[in-house]
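For reference, the structure is listed below as structure tokens.
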Amino acid sequence: MSQDTNLFSAFKRPRETISGINNITSIPQPTSALKRSASNQGLQQGGRPSAPNFRHSMLPARSGGSLAGNLLDMGAQASNRRESRIGGLGGGGGGFNIPSSRKSYAPTSSTPQMMDQRRSSMYSRPSMGANIGGSGGGSFFGSSGGSAIAGAGSGKVTDPRPLRDPNFRNKMAQEIQEYLLRYNFELETKHNLGPKALSSPMQKDFTTIFQWLYHRMDPNFKFSLKSVETEVMPLLKGIKYPYLGNITKAQLGAVGGANNWPTYLGLLHWMVQLVQALENFDSGHYDDAIEQQSLDIGISKVGYRYLSQCYTTWLNDKDDFSPFENEMVEEFEARSAQDQESLVVLKAEYDQLISAISELEDESGKSPLDRLKSEGETLRNDQDKFRKFIDHQREKMGHIKAVNAALRDEGEASRQEITKLEVEKAELQQAVDRQGLSTADIDRMNTEREKLIKGLEGVEIKLEEANAIAAGREAEALKKLELLEHAVKRYNELGYKIGVTSNGQSCEIDIIPLTKAAQSAPEGSSGDDERLLFDVGVGYNPRQVLTLDLRHDIKPTLNNFRNEIATRIHNAQDVSIKNQDRLDNIQETLKDKSEDLETLEAKLSAVNDEYSEIKETSATETSASNAEIEKLERELQSMRINAQSGLLALEQRLQSVNIEYDQLAHGAHVLREFYHAEIEKMLQTIINLKMHIQGSLAAWDAETLEELETYRESLDKKLSRLRI
């Protein structure tokens, strides 16, 4: 295709921009400049030398002298690079000395295969190769260190935003709508958004909004004529969208779906926030925040402006940077003058403050601030002491209130008891009066009563001692009973384990429940646990407690079983000796087999090495054949595309020929009918003429015959007359 020579072209380039030079400015560095290796090898061998590696700041590090002098040296170095044009590298790169009027910051790829892809953006499609100039430090969109945008990880990053929440989606849609209205989206794009454009959009709505937002970030980027869905993924990767793993190419064709739209609405909202952040950064909205961190951004702005102007001038094939250098020097001098004035003012304020402090100091040398600090410390200590005293008094008050309440309750109980005793005394007095007892009788009765009470107390003491002795014996009996139960349980468990009942004779022991003792137990006893505690005798024999006789039944059975076990052990030892001999033979055989196995493993390792070599060779051949197959497939695909396009053209031609044939056939049919009608008319006319001629000739023949007869008769008459 032909190309207009007045347009910015990707084929006419007087300068190769970002090749071996590190990114030392805040100009957004394109991804193609960071990933080009093959197309710039000639530039590194015989072209321009690479610039020094600078800090993450937009200005170089100071090595001596003023900052303006360093920037002047940089400008002088840039002005001496006229001989390092790409056109002078005929032997290094070949084919680079083509004139151009290209005005974009982003370099295009120098390979012929990539010439058809027009590049006019600073953040657009990534190109081939790797980073050549090392890691730059100040690029806002570059992939080097110090990037202001967090790069998307290699894996899928979970989006923390509640995109499925309708309220959150409505809020994002409202912010996007306000931004579009504020910056005249519909007027610039000539595209009207419907009421549901941000809730259930069409594909064109999303495409138009995405292109408009991306142009807000990169006005020089030109979208290709093909569908924008093919460019969304590289562009999002270029601007470091952190949730790129949640977007697939299959979803890009149907972004308005109920399951897909929340993800893409979040994408548009993130782009709106990114555009706003870039606009705020360009307008200096963040300068105050940077200055609050004790950072001077003014110097960086001056350096950035100088480097940007020099870079633009260099791209325009000019090397005169003196106006920019003079402007930068003037700005630095103006800033230096302002700093000097500020320094003078600050020194004066400092002197005033020092004199004021010296006036406020007393004879002891303490300043008012120190005195106030000491007084404040004393007051704080007093406050803590008073708080502790108040807390102590509150605790004491609570304790006193509790004691008063207890004494009040005790006094009330004492009053009730006194009232009760008075009533009882009155009743006793009435009973005594009714019985008629004398005072001596009452005294005698009281004396006897006291003796009985004392005797009762002695009996109660003895009863308590007897109960204590009985309780001790009961506890001892319970312990022995528990030991007996544990011993029986342990015996039965061991009997089951060793198989003492294997010969058909059961040696299991159970404790016989003592029903009589249980029946004679008083109420409140625990039944079986206390069955030995309430017998009238001193206890029971083992036969009365256990189901089997330990001496006559259990012991002989266990001895027989022990002899049987000993016999089994001897037999097992004989079998073990035989098995040990067999094991020794097997070990010797295994040793021989292990030696054979080592030999086979050595052979296997050699075979594996040979297999690895063959596998690597086959893998290399396979990769080469795969590359050849891919090449042939691409050629076959192109041939299929050409064949399909040719077939489509032939089909269209055939359709047009068929239409033309139908038109001609219809015209021929119409002409045939017209000519048939005309011929029929002419034949009818000819037939009529023939009939008319035939009739006329017949009439003329008859008339001629009549005249001939008349003439003949007249001649006959004349002849007859002459004869006469």
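Every residue, even glycine, has its Cβ placed from backbone N, Cα and C.
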Range annotated region 'Disordered' in TrEMBL (choices 21-54, 361-394) is 21-54
Feature region 'Disordered' in TrEMBL, mapped to one of the ranges 84-115, 116-147 = 84-115
Range annotated as coiled coil in TrEMBL, from 180-207, 292-319, 320-347, 404-431 | 404-431
Matching 523-582, 583-642 to TrEMBL annotations, coiled coil lands on 583-642
Using DSSP, what's the helix, strand and coil tally for the domain 'Kinetochore protein Ndc80 CH' (151-280)?
-> 74 helix, 0 strand, 56 coil
